[in-house]
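What Swiss-Prot says about this protein:
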type	residues	note
SITE	23	site 'Transition state stabilizer'
ACT_SITE	28	active site, proton acceptor
BINDING	80, 86, 93, 107, 108, 117	substrate binding site
ACT_SITE	106	active site, proton donor
């Protein structure tokens, strides 16, 4: 049995997000995945939460992480499914199956990019979706999730 993590949120990053900082910096900026994870841990801690940060380029592994979040009774999910946002009904279904409050994040404004990026399956399984704020979107997502959970910043 998985160890409970009731004071934890899952921060899930999908394909190619391990390349942040080097992949098309004119679109995605110079911050790395390690920078994103540090920002998420810091923001989560300000609400008395822990951030369990995961990244995978494989759809099935992302689904396994979502299922694990349910088994461990995590409080919420922040997801940037990358390109899978636009293609993965399986990720959509996994998010709906676990019924954990979820916020979708995208570093870029997906609605200002190629038309195939305008639709997001994962957004339909989330209570909120943020895009275009760069990595600051992760901070905003955690703040929004905390508000949804009724949590206030710790002094």
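A Cβ is built for glycine as well, from the same backbone N, Cα and C atoms used for every other residue.
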If you measure between the CA atoms of residue 23 (site 'Transition state stabilizer') and residue 107 (substrate binding site) and round to the nearest Å, you get 12
Please tell me which one of the binding-site residues listed here (80, 86, 93) sits closest to residue 106 (active site, proton donor), measuring Cα to Cα? 80
In the structure shown, which of the recorded positions 23, 86, 106 has the fewest other Cβ atoms within 10 Å? 23
Just to verify a number: CA distance, the residue listed as 'active site, proton acceptor' to residue 108 (substrate binding site), in angstrom, no decimals. 7
Secondary structure of residue 80 (substrate binding site) (DSSP, helix/strand/coil): strand
Residue 93 (substrate binding site), number of other Cβ atoms within 10 Å: 14
Applying a 10 Å Cβ distance cut-off over all chains shown, what neighbour count does residue 80 (substrate binding site) have? 27
Using a 10 Å radius on the Cβ of residue 108 (substrate binding site), the other Cβ atoms enclosed count 17
Hey, does DSSP put residue 23 (site 'Transition state stabilizer') in a helix, a strand, or just coil? coil
Neighbourhood of residue 107 (substrate binding site), C-beta criterion under 8 angstroms, separation at least six: 20, 27, 28, 29, 80, 131, 133, 134, 135, 137
Other C-beta atoms within 10 angstroms of the C-beta of residue 28 (active site, proton acceptor) total 18
May I ask you to report the DSSP-based helix, strand or coil state of residue 28 (active site, proton acceptor)? helix
